[in-house]
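Peer 1: The [4Fe-4S] cluster binding site annotation in Swiss-Prot covers C352, C412, C415.
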Amino acid sequence: MPVTNSPRTLFDKIWDDHVVERLEDGTCILYIDRHLVHEVTSPQAFEGLRMSGRRVRRPDATVAVADHNVPTSDRSKPIEEPQSRLQIETLEKNVAEFGVPYFPLRSASQGIVHVVGPEQGISLPGMTIVCGDSHTSTHGALGSLAFGIGTSEVEHVLATQTILQKPAKNMRVSVEGKVGPGVTAKDILLAIIGRIGTAGGTGHVIEFAGSAIRDLDMAGRMTLCNMSIEAGARAGLVAPDETTFAYVKGRPFAPKGEAFEQACDYWRSLASDDGAYFDTEVTLAAEEIIPSVTWGTSPQNVLPIDGSVPSPSDEPDPARAAQIQRALDYMGLEAGQKIAGTPVDVVFIGSCTNSRLEDLRAAADVVRGRHVAEGVRAMIVPGSGLVKHAAEAEGLDKVFLDAGFEWREAGCSMCLGMNPDRLTPGQRCASTSNRNFEGRQGPDGRTHLCSPAMAAAAAVTGRLCDVRELVKETV
């Protein structure tokens, strides 16, 4: 499609490169480079193809993974829960019938779809990527336009390799400066959501920029883009750079040799032009961000670890005051109490937000030489089989096992209550996942979102605490 010569954002460039046709109302037929599929949102889509006599248009651009319902315990045993077993069996039947590449449950490469895609080189800069999952935005860390779609759209992409979409607005969130000790990408993202709220990015694609973002490794950038959804955005992006190219090089599905160098030449053009227009701009100072944790039932209910739980009486808006009170009642907290010192029952380190090798290393650095507090259940769930094997090669599994953690198989696990890993009513969990809604990790479970390092600190102390205090002890 023809494009203007005016300065363009990264989002605009990727969008324009993939528009097949622009309709009168502004809706575009958008070509999709990669379609990622999992067991929960695909059964009806494949059945729709079957009923209409259609095939998958680009099986070579489609990849399937089982992750949401899979058990993370003993894989040698059959899946006990009937609905979970049926969904995985249905996925296996569908990918075989329609010729879609699949990472099966017992494959060394199986894992969470948003971990597998980047680590395999399936997701690459400049691509359009969709999946029937809201956290598809994770892949934007590579400089791709990646977003979640519904089941009917899954069928449409399977059949046509296109999707009908209207372009989003542009938003740039810049984080400038150097973060302090103990501050991670998760803390940066929670600070952003604390600033703009869970509706702050509605209707926008967020480009994360600034010196603090450039300093992040790829795992950190994936954490940021993963939770752009919790900021209300359609997707999140980080412009590709040398860090990106070094990460992609040598991945199984990435270009090789001269093709890789040619790809890098194109990828270097994927940056917002000077003077490009952003509908919304937000800037944060990195040095003002400290380790953080959520207190309520929304990701925007976030506090620095030295903060106090808000009081409804301090909120002039009656509706907002009622929301605070409901969250306090659900979470079993008192207005005005310090969030540090809140006891935890469970610690979960995993999910598509924070289950990569770098996340496990950060947690192990806190855990090493310590032990899980009495009465606390702590579990590590690697994001993929490859992450698990790499961690074991470094001896991280031994660090966690010696400390009293459970060392599990790859999967979505306790991020959501769709598999055997879930909270029981009233249990309080320090979790590295992305959502702390009521019942998200199990009926009446209480979730505090935090970084892997903060979760590890909670595991060994039995309470929410400032990880910087533990790091001081080892210096």
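Keep in mind that glycine also has a Cβ here, set from the backbone N, Cα and C atoms.
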Peer 1: So how many other Cβ atoms are close to C415 ([4Fe-4S] cluster binding site), meaning within 10 Å of its Cβ?
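Peer 2: Excluding its own Cβ, C415 ([4Fe-4S] cluster binding site) sees 30 Cβ atoms within 10 Å.
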Peer 1: What is the number of other Cβ atoms found within 10 Å of the Cβ of C412 ([4Fe-4S] cluster binding site)?
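Peer 2: Around the Cβ of C412 ([4Fe-4S] cluster binding site), 30 other Cβ atoms lie within 10 Å.
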Peer 1: Does C352 ([4Fe-4S] cluster binding site) have same-chain partners at least 6 apart in sequence with Cβ under 8 Å from its own Cβ, and which are they?
Peer 2: I112, V113, H114, V115, H135, T138, N226, G383, C412, C415, N434
Peer 1: Take the mean position of the Cβ atoms of C352, C412, C415, the recorded [4Fe-4S] cluster site. Which other residues of that chain put their Cβ within 8 Å of it?
Peer 2: D67, H68, I112, H114, H135, G350, S351, T353, S355, G411, S413, L416, S433, N434
